[in-house]
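These notes concern the structure reproduced below.
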Ligand code: RIB
């Protein structure tokens, strides 16, 4: 079983000719209102990739909240584990440029009311996976991760958006996380907190150093350049599918959700990485975070075109 603890947002998505710079206003003809939020996206990605998923989070007492509940149910995830907050549902303003790059601002709203106590002990089952991200209060993350680990679950943290690195963050990661999923920016932020200069080492070295320093399996996504993962003894490199990128929003969430679905199904890490990288590439082929998230049958079909996973020397 996969337990996702995290955020739900309604995304207001605008396809703009160029991402606005500070002080600039950019016009576009229209916008779409689409389900999002990193917790919500990862739960839906894991369910579509074949996982049995429960999602614990909060939405507001409003139309966005109702719509997000309906979307979950449409994706085979019961909405009974969601609580209704006093604050309005979280909302993200997303601009996407013609190359598929985005800039996102999130009003957290109900996500700030999410509490570790929303998750009952009965769902923390040995051998299962608990997944969380950084759009709910960090101390609630550490509390639920600590309980999940004590219960014998595998704990997964997608460190997005990257928090400011502090010694307390390092200590919490060491204590509570088994698998850490980061992109290059998040990895660089963490490295600075560990007194590493991320600019002076290549991605593979950085991935191994984070594994070592944080005592985790570090999975580092590199966008169009693939994925690296280090477990301390082994370093894997995974390529990507050549796709025409329309929108990268939610690609990291799709990766994390699909990765956990494969691991929860008992797949070994290299195969799970290839499965997740395939899913993430497919997720970039359409607009919005969830519209183009693939189902297991699509991932299986396209995974056949993935380059083989290679093993590199641990740095
Ligand atoms: O990772 C993409 C997500 O980030 C969007 O759906 C948006 O809601 C923000 O949380």
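Count begins at 1; order follows the chain as displayed.
Glycine is treated like the rest: Cβ placed from N, Cα and C.
Record check: TrEMBL places 9, 10, 11, 37, 38, 39, 40, 41, 253 at the substrate site, and the matching candidate among 135, 139, 175 is 135. Listed binding-site residues: 222, 247, 286, 292. Those with a CB atom under 6 Å from ligand 1: none. In this model, the domain 'Carbohydrate kinase PfkB' (2-295) carries an average pLDDT of 96. Across the structure, residue 11 (substrate binding site) and residue 286 (K(+) binding site) place their CA atoms 15 angstrom apart.
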